[in-house]
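Participant: Feature table excerpt (Swiss-Prot):
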SIGNAL    1-23  signal peptide
MOD_RES   Tyr78  sulfotyrosine
MOD_RES   Tyr80  sulfotyrosine
Amino acid sequence: MANLSTLITIALLLCATMLTCSARPEPAYFASFTTSPADTLSLEMIESKLHEVAGESCDKEDDEDCLVRRTLTAHLDYIYTHKNNHH
């Protein structure tokens, strides 16, 4: 009887393990950490857009879109310059 309960316990643990493994499939696409020419081009386009937006001034106090763009520009500029300084 003890062998039967041990066998059932092991079978239940095995089934539970199989269910958790199948519940979280691996993603089909793994992002590469290498920089491809397309990524470099994309970064250059983003950087040129950042410089374009950075030169813009928010004249109106209620121009929320302008403030959002400038904040985003500042954050992205910090991220890219921080990344470039720590290679």
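Glycine residues also receive a Cβ, built from the backbone N, Cα and C atoms like all the rest.
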Participant: Neighbour count first, Cβ atoms within 10 Å, every protein chain included; then name which of Tyr78, Tyr80 tops the list of modified residues.
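Facilitator: Neighbour-count leader: Tyr80.
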Participant: Using DSSP, would you call Tyr78 (sulfotyrosine) helix, strand or coil?
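Facilitator: DSSP assigns Tyr78 (sulfotyrosine) to helix.
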